[in-house]
Amino acid sequence: MDTTTEKHRLNRLVGRSPFDTAIILLMIGTTLLIFWLSLTNRSSWSAHWPDYSHMVTSLPEPSAWLRWVLGDISEVAFYKHEFASIGLLAGAYLAYWANRTGKSWQGFAISYGSGLWPWLITSSLLGLLLSNLLWGWTVTATHWQPTFAAFVSLPAAMVLMFGGGWKVTINGAIMGAILVTPMCLLIVNYVCNPLGLPAVIGNVTGMAAASVFAFLLCRYVPSLVKSEQSVPSEESSDSAATPARSKTPDYGIFWSLRRVLADFSEAPFFGNELASLGLLLGALLAYTLNPMDPVYGSGLLPQLIGAQALTSALGVVIWRRQWILRGWYPTYIPLVSVVPAAVLTYGGSWQVIGSSALLGALIAPPLACVIAKRLPADMHPYIGNVLSMAISTLLIVPLIGFLITQ
């Protein structure tokens with residue numbers, strides 16, 4: 001009897017689940033839709049693919065909105081492109097499938113080996129769609145807005161904090177759309193823009209403030225995230241991840257290279273090499289088709305990726321002992337905050353790349369840990385990470401501006 005049950009469970013894990021089918025159909029449908037749009041609109045393009053300015057000036061046309069919403073998925077890395085987003089999701093799904101079936105090539109277990117990636121990505125995508133439905137009207141050809149914020153913040157953090165299930169998934173998405181996005185909009189438009197500060201400061205400060213409020217709300221209204229049924233269902237047990245046999249990492253050169261690659265997908269709570277590889281390949285494909293499309297049409301994608309890889313590599317080397325002691329350390333923080341802000345503000349010169357990468361790697365990770373230690377136990381430590389992004393960017397970017405003018 002036990003053998004039969006175990007075989008049934010393994011078949012469920014290896015076989016295709018409804019979630020697998022939904023993800024595959026979503027990927028195929030999105031790819032076909034983009035291909036169809038490319039065929040019907042190519043005559044109006046000056047390159048193999050429309051640039052960023054073409055997208056924003058075409059709003060609110062449906063094709064432009066599709067590109068904007070898809071681009072939000074990769075905006076946390078400052079790539080803002082549908083190809084990078086599709087690559088990120090495809091790589092993440094492959095990593096989840098490999099983790100669930102115990103493949104040795106899965107890389108770092110996606111979403112920290114929690115087995116919650118399906119709920120996490122569902123909540124994040126729902127939060128993203130709701131944010132664009134509620135706040136998309138604020139986006140114009142001349143006014144960028146942080147509609148992406150819910151995808152990389154509260155919804156995913158709530159799933160990791162309180163577990164899977166539709167209650168947490170839907171409530172996390174709703175709170176992401178009605179708390180995180182408007183808070184980011186307020187800070188970006190009424191603080192950062194008037195003061196000439198990088199928008200990333202407003203984005204991450206808004207994420208932190210809204211998340212603190214949301215977790216306090218969950219503390220005093222626990223029914224938002226807790227169900228009366230405490231026993232997990234057979235389906236949820238069957239769909240849980242089955243990690244491959246893990247060996248103690250040697251923290252050598254190969255591990256360090258893998259860790260640098262995984263840092264590119266750490267911000268959306270994936271932290272996996274396959275997801276990062278999909279993100280980077282999609283971004284590079286976009287740059288090949290039209291260099292003025294990714295990274296807001298700046299043409300700085302190669303310099304940005306190089307600077308991001310450098311700051312992560314420096315962080316992994318400098319804080320290697322912390323990686324060994326803790327098992328995880330937030331070396332990804334300057335990759336999605338200090339470095340992109342500096343490159344977009346001052347350009348892709350070697351002085352900007354080197355100084356932002358080094359200062360970000362030195363300051364941001366330990367600052368995040370200091371803040372996270374002081375958070376209450378019922379608040380996700382990612383709040384410390386995003387606050388570190390805000391403080392580090394506020395300190396380092398003006399300093400770099402001063403240094404390069406001397």
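Keep in mind that glycine also has a Cβ here, set from the backbone N, Cα and C atoms.
Quick look at what TrEMBL annotates:
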TRANSMEM  21-39  transmembrane segment
TRANSMEM  78-96  transmembrane segment
TRANSMEM  116-135  transmembrane segment
TRANSMEM  147-166  transmembrane segment
TRANSMEM  173-191  transmembrane segment
TRANSMEM  197-218  transmembrane segment
TRANSMEM  267-288  transmembrane segment
TRANSMEM  300-319  transmembrane segment
TRANSMEM  331-347  transmembrane segment
TRANSMEM  353-372  transmembrane segment
TRANSMEM  384-404  transmembrane segment
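Counted over residue pairs 6 or more apart, the CB atoms of the transmembrane segment (384-404) and the transmembrane segment (331-347) come under 8 Å in at least three pairs, which marks the two as touching. Counting Cβ pairs closer than 8 Å and at least 6 residues apart in sequence, the transmembrane segment (197-218) and the transmembrane segment (353-372) reach fewer than three and form no contact. Stretch with the most C-beta contacts under 8 angstroms to the transmembrane segment (78-96), considering only 147-166, 267-288, 331-347, 353-372: 267-288. In this chain, the transmembrane segment (147-166) lies in contact with the transmembrane segment (267-288); the count of Cβ pairs under 8 Å, excluding pairs fewer than 6 apart in sequence, is at least 3.
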